[in-house]
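Q: Provided herewith is a single structure, encoded as structure tokens, for subsequent inquiry.
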Amino acid sequence: MAIEGEKKKDPRAWDALTPSLAEWVLDAISSMGFEKMTPVQASTIPLFMGNKDVVVEAVTGSGKTLSFLIPVVEKLLRLEEPLKKHHVGAIIVSPTRELATQIHSVLTSLLKFHEPSAEALQPLEEGEKRKPSSTLRVIPQLLLGGTTTPAQDLSRFLKNSPNLLISTPGRLLELLSSPHVHCPQSSFEVLVLDEADRLLDLGFKDDLQKILGRLPKQRRTGLFSASVSEAVGEIVRVGLRNPVKIAVKVKGAGGGDKMTPASLQMSYLLTPPTHKFPALLSLLSQLEPTPQKSIIYLSTCAAVDYFQPLLEAVLPKQFGLVSLHGKHPPNVRQRNFSKYVAAVSPTILLTTDVAARGLDIPQVDLVVQIDPPSDPKVFLHRCGRAGRAGRKGLSVIFLQPGREEDYIPFLEIRKTPITPLKRPEISTTGEAAKILISKMRKEVLSDRALYDKGQRAFVSWVQAYSKHQASSIFRVADLDWTDLGNAWALVRLPKMPELKKWEGDKTLGIKLDMSEYAYKDKIREKARRVAMEEAKNAGPYVPTEEQIAKKKQREAWSQKHEKQDLKELKREKKKRKREIERLEKMTDEEKKEEQAKEKELQDLIEQVKKRKIEDDADVEFEGFAD
């Protein structure tokens, strides 16, 4: 019986865990500012520490990283004796370099509070090797493809003898293939697969199976995933032993499941293309307090490269801007990402879907989607970069008035409701839009290199728009080309198939002598002028024999297909004629039976379609990766 007046311990208090955490872990968590466990931490940590395999499904910002790092560290520090040299005790597998780097960063922040491990984190001198120690400690090694070579990774492994590896699948597999790296049953304790669904989406299934094959079956395994799809289920069956499934849901206002944390507000703003960037600037300047970390999403890598210098020219001075996309070299991606994370003043990350999942960037206050993603599943993961770990966050998507408004009920069906943005109240005028476009266009006119980037970026954007999975909502045929061209601060619309039949002004009313439009780079400009002079003196164009032969080949191929199309048309006409003759010979009773069968078939098709839509709604959006 409880003593009267005795306070009941909060089940989400860190010191309420059983088995209890080490004092230094509690100190580390307190210094990180985490007063209480999140529901996923309270559910996962005791089970994972208590020798259970776990499959964890939870929304974004739910604290999954600490849910596996704390049990992994505790397991390694509760061994009876230190592991032998070059023996690995734990492995954490991540789908991307950025996420692996994040996990390693959180781990090192944790280990700074454990004195023996903190000492082991200090870099060794040239030629020095890690001395064996009788004290238990955690020595991590981060393995990333594209930043170091496999030989350098192995050399570092042999020098430091780490007992915990954090890696992307390919680089991990290369290291495990070395005869100098040992993961025997006597040493290996735990495997963590973070973002398991993302690992499989990126095609790492074969690598994962090979990794599992190199590890002892008697081990603890934790699988952390946004959704447990059939493919993830297969990994569960092969790699886990009687796992406990933990699914943490968030309830919406109507009592149904929501795919986002309660601290995240997801809104939309209806705005024509030319008003998108004025609306963005208005949002950044009106939000109170000023967002410290913001993420702006664009559709393509080329668009990020084009808009970065334009936004730098028009953004308020207090905001820094960093770009990140999948076509950046690995060292540039890593440098830019680190710069963004470490920024102490308000900073914006201009990016593509490379930053839509897995990145646990602290203090992201605002996410703005200038372009809706081609894949509706990604919408959730973009939003989920804000509002993490209970912190308030705002996500805003810009939609064009008209057909794009259908995206709102489309998301509602998928349990992802978005509401109109009411605070701050954003209103933009045509005059403000003209002034901003003029400033951006001034940048474009200052360097022909930006003109080239704009042409490529606009074409890539149109291609991305045309491939949207919600193709009935996002239709190229509905686009206002003049408004779009001005919104992009273009000085010419590019040549592309979509504009062949368009009769508008492709110069957008800009008078420009293209022959005098120069590159800032003197070498490029000199090369352009030389090429221009050569073309002027070259005389009339005469095709080569090879070009003539290719043209004939294309014409022959085209004629062949025309004949095939004609035959197909004749067959279709004959088929329709036979069907009409068959129906004419039928009695009224037979016709009624035929119509009944046709209706039954149509009903069946509709049922299947409806079931597929419902299944898609359940499967596509089952939460976020952390």
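Keep in mind that glycine also has a Cβ here, set from the backbone N, Cα and C atoms.
These numbers come from a predicted model, not from an experiment.
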Q: Of 14-42, 333-361, which range does Swiss-Prot call motif 'Q motif'?
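A: Going through 14-42, 333-361 one by one, Swiss-Prot flags 14-42 as motif 'Q motif'.
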Q: In Swiss-Prot, one of 78-81, 178-181, 194-197 is tagged motif 'DEAD box'. Which stretch would that be?
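A: Among 78-81, 178-181, 194-197, the range Swiss-Prot annotates as motif 'DEAD box' is 194-197.
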Q: Check LYS64 (ATP binding site) against DSSP and tell me helix, strand or coil, would you?
A: helix
Q: Residue list, the compositional bias 'Basic and acidic residues' (578-599) vs rest of chain: Cβ under 8 Å, 6 or more residues beyond ends.
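A: Non-local partners: none at all.
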Q: Could you work out which of the binding-site residues (SER62, THR65) has its C-beta surrounded by the smallest number of other C-beta atoms within 10 A?
A: THR65
Q: Could you give me three numbers for the compositional bias 'Basic and acidic residues' (578-599), the DSSP helix, strand and coil residue counts?
A: 20 helix, 0 strand, 2 coil
Q: At a 10 Å cut-off from the C-beta of ALA58 (ATP binding site), count the other C-beta atoms across all protein chains.
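A: The answer is 28.
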Q: Is it possible to get the count of other C-beta atoms within 10 angstroms of the C-beta of LYS64 (ATP binding site)?
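A: Total other Cβ atoms inside 10 Å, all chains included: 29.
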Q: Please report the number of other Cβ atoms within 10 Å of the Cβ of GLY63 (ATP binding site).
A: 22
Q: Using DSSP and collapsing to three states, where does ALA58 (ATP binding site) fall: helix, strand or coil?
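A: Looking at the DSSP assignment, ALA58 (ATP binding site) belongs to a strand.
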